[in-house]
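Asker: Supplied in structure tokens, the structure appears directly below.
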């Protein structure tokens, strides 16, 4: 007969941040006798769930995807934006073999280096600092013909904010004594993601043929003309930038084309127009055989060079459990099921050996303020049964309420959501203690603790950059360590289970057994 297992349970209360101020704080306002007692009587600490500590830009609020990747990886996982910032800062970017190789090949053949991307400080799809670094790389590596094709933002930035960015690049090219802005067009055309190929075609023709609806001597003049036509940045029509006497920047076979967007979804369509031999989105007037480089991998089936391939995570918590012949369960509602499976496993879709999954359907309501408890009762029932089954070495569970109801901005509903969670935590803690298991309670980021924006007085529906609680429930005598972050959770669990921590995990245990 197999011995009943005493599980190590991780409960993630999504959107359950820690904030001292009581005003507009749904977590403070709710009646939470169970969490209050655990915080008062059990080993606990606060951990960081935002900004650089989770691989995001400094002070940027956390999110569920990033949070769960860090929780499962046991190391800080840098997001593309931050990864590139770090690479540029330490100059590794300038030695990137794919980028440098494309520039050298074009330069040695007397060809042009074309750089395209969303010229924006928004940091969502791209960052203009990365594009500036690419211009510098091309110049440093001896390229003479450097053409920048600027896609204008106005969605992740104010609607008319491109002028300062374009000025900066025109000044840079003047200082270098070579290169220029060769075209401008709104992201509405160049970055479609809904197969509106008539839009993409306008951007493609602008790039390949150096033909557009409008022409201007300078990028700033072209932008000002667009504003005079009542076009905001996002909708600027295809504009060729070419002063008298300048050669046109039409693309030729053998040119290098480097796409500086790091986010994939709005980069795929125009990339396929250049790369796919069997492309049929529109009839291309000119097919050019360029040396196309994607900054990151936009899709696995796009066969062209990638400067920064996806970093595969080795020995995440789930993989390490499987390698050590441990059994594990992942359980949540629909809203956060992908987070405790795909994201917690470091972007791996398939379950590991010994990994079971339970999906509880989230309620079918228009918005979750209408049913703030969501499906927490059913989720708790299934979770408690799994804890008592003796089948699992470890269980990962996410309760979505704090986040999903927090997003509605309805304070009364968020309070009810938090109160429902308190009852759930009580049941789970009792079950864990009844079988001699261990329980960690934490969150992936904040939300419900800030329900009103103090600056505007409007409902606050976004995540926060505040810390989140971490509580230990179990029979071990442990001491909490301060200064932790989400990537310390997996090593903490392994340490409490008496298991070796793989060397890839750089996080540190936050509860030390005394």
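Cβ coordinates come from backbone N, Cα and C, glycine included.
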Asker: Starting from the Mn(2+) 2 binding annotation in Swiss-Prot that includes 64, 444, 445, which of 14, 24, 393, 488 is the extra site residue?
Answerer: 14
Asker: Which of 149, 463 shares the Mn(2+) 1 site with 403, 407 per Swiss-Prot?
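Answerer: Candidate in the recorded Mn(2+) 1 site: 463.
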Asker: Taking residue 64 (active site, phosphoserine intermediate) as the reference, which of 403, 407, 445 (the binding-site residues) have a CA within 10 A of its CA?
Answerer: 403, 445
Asker: Considering each pair of residues in 125, 155, 156, 187, 193, 263, 264, 265, 266, 336, all listed as binding substrate, report the largest CA to CA distance in Å, no decimals.
Answerer: 31
Asker: Sort the binding-site residues 125, 193, 264 by C-alpha distance from residue 445 (Mn(2+) 2 binding site) and give me just the closest.
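Answerer: Of all the candidates listed, 125 is nearest in space.
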Asker: Please give me the CB contact count at 10 A for residue 14 (Mn(2+) 2 binding site), counting all chains in the structure.
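Answerer: Result for residue 14 (Mn(2+) 2 binding site): 28 other Cβ atoms within 10 Å.
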Asker: Taking 8 Å from the centroid of the Cβ atoms of 403, 407, 463 as the cut-off, which other residues in that chain fall inside it around the Mn(2+) 1 site?
Answerer: 14, 15, 64, 402, 404, 406, 445, 447, 448, 461, 462
Asker: For the C-alpha pair, I'd like the distance in angstrom between residue 125 (substrate binding site) and residue 463 (Mn(2+) 1 binding site), rounded off.
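Answerer: Between the alpha carbons of residue 125 (substrate binding site) and residue 463 (Mn(2+) 1 binding site) there are 20 Å.
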Asker: What Cα-Cα separation, expressed in whole Å, is found between residue 156 (substrate binding site) and residue 403 (Mn(2+) 1 binding site)?
Answerer: 23
